[in-house]
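*Asks:* Annotations per Swiss-Prot:
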BINDING   ARG55, THR56, ARG106, HIS135, GLN138, LEU267, PRO268  carbamoyl phosphate binding site
BINDING   LYS85, ARG168, ARG229  L-aspartate binding site
Amino acid sequence: MKNSLYQRHIISISDLNREELEMVVKVAGDLKRTPRHELLKNKVVASCFFEASTRTRLSFETAVQRLGGTVIGFSDGGNTSLAKKGETLADSVQIITSYVDAYVMRHPQEGAARLASMFSNGKPVINGGDGSNQHPTQTLLDLFSIYETQGRLDGLKVAFVGDLKYGRTVHSLAQALSLFGCRFYFIAPEALAMPEYICEELDDKGIEYSLHTSIEEVVGELDILYMTRVQKERFDETEFKHMKSKFVLNVDTLKGAQDNLRILHPLPRVDEIAIEVDHTPYAYYFQQAENGVYAREALLALVLNETI
């Protein structure tokens with residue numbers, strides 16, 4: 001297999017083309033079926049989280065260890081020299097990358113991962129989320145989960161629900177799935193609609209999409225229902241209660257759904273998916289979170305091995 005991801009920075013999902021996305025999905029499936037504990041032997045990966053994280057950090061660190069590698073790093077950026085002594089991000093990255101083979105980071109500042117890649121001593125930087133900008137490895141695990149449940153990525157009907165304006169996961173996933181000719185349904189309050197630049201990109205590619213204000217309008221057409229949280233703090237109490245009734249998923253909402261429908265969510269869930277939905281055959285968000293390990297194993301293996 002030709003591996004064009006070897007020694008590559010992974011900053012934005014748009015850094016990867018269709019063939020590279022398919023390669024990560026394939027390798028993730030291979031590693032899920034047949035674990036390989038030697039792919040990161042004698043490799044050290046920095047896990048540097050300047051912002052709180054549970055699933056992303058733990059799944060990355062699990063991925064490194066399952067592949068036979070070693071992890072160093074921190075999960076509280078407030079206790080680093082950068083925070084305590086005024087060290088610049090550029091200096092911090094330059095020093096830490098001199099110790100390791102790859103540098104995984106999360107940072108609250110948009111563009112921090114791209115900046116880090118400029119000072120990484122040529123070591124690959126993997127973006128674990130930079131502010132509201134990009135979260136490419138979430139998109140990779142989403143793609144793997146979609147492929148796992150549908151057997152394909154091409155031509156699917158996918159709805160995004162909730163906070164589409166600020167949600168970095170939906171922006172990246174829409175961009176990635178547009179490479180596979182998917183049809184999109186954007187279900188959100190007007191104040192949290194999908195950003196214009198995403199819609200313009202889809203228009204330029206000839207991708208079909210439509211805007212909706214309730215899940216019930218389209219649930220019977222969908223292959224994938226991608227839920228996100230509508231943040232209460234963005235609305236007054238009366239408006240939020242009205243929004244909540246339209247953008248909370250329960251069993252009744254799923255009446256008429258196709259058998260192959262699967263519900264995804266980047267998590268954490270608050271109250272936008274009723275607990276009762278967990279027990280339906282449509283729920284796939286916990287398996288999706290587990291798939292984060294395999295998608296990140298695949299990415300690390302490809303970035304750190306010329307051939308696998």
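A Cβ is built for glycine as well, from the same backbone N, Cα and C atoms used for every other residue.
What does the local environment look like for each feature on the list?
*Replies:* In sequence order, THR56, GLY129, ARG168, THR169, SER172, LEU173, PRO266, GLY292 make up the list of same-chain residues 6 or more apart from GLN138 (carbamoyl phosphate binding site) whose Cβ falls under 8 Å from its Cβ.
Neighbour list (LYS85 (L-aspartate binding site), Cβ cut-off 8 Å, at least 6 residues apart, same chain): empty. DSSP assigns LYS85 (L-aspartate binding site) to coil in the three-state reduction, outside any helix or strand.
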*Asks:* How many neighbouring Cβ atoms, not counting its own, are there within 10 Å of the Cβ of ARG55 (carbamoyl phosphate binding site)?
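*Replies:* So the number of other Cβ atoms within 10 Å of ARG55 (carbamoyl phosphate binding site) is 17.
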*Asks:* Looking at the binding-site residues ARG106, ARG168, ARG229, which sits with the largest number of other Cβ atoms within 10 Å of its Cβ?
*Replies:* ARG106
*Asks:* Taking the residues LYS85, ARG168, ARG229 listed for L-aspartate, what is the greatest CA to CA distance in Å, to the nearest whole number?
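*Replies:* Comparing all Cα pairs, the maximum is 36 Å.
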*Asks:* Check the DSSP secondary structure of ARG168 (L-aspartate binding site), expressed as helix, strand or coil.
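*Replies:* Once the DSSP labels are grouped into three classes, ARG168 (L-aspartate binding site) ends up as helix.
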*Asks:* In whole Å, could you give the widest CA to CA gap in the carbamoyl phosphate site formed by ARG55, THR56, ARG106, HIS135, GLN138, LEU267, PRO268?
*Replies:* 17
*Asks:* Long-range same-chain neighbours of PRO268 (carbamoyl phosphate binding site), Cβ under 8 Å, sequence gap at least 6?
*Replies:* THR54, ARG229
*Asks:* Where does ARG106 (carbamoyl phosphate binding site) sit in DSSP terms: helix, strand, or coil?
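*Replies:* For ARG106 (carbamoyl phosphate binding site) - judged by DSSP and reduced to three states - the answer is strand.
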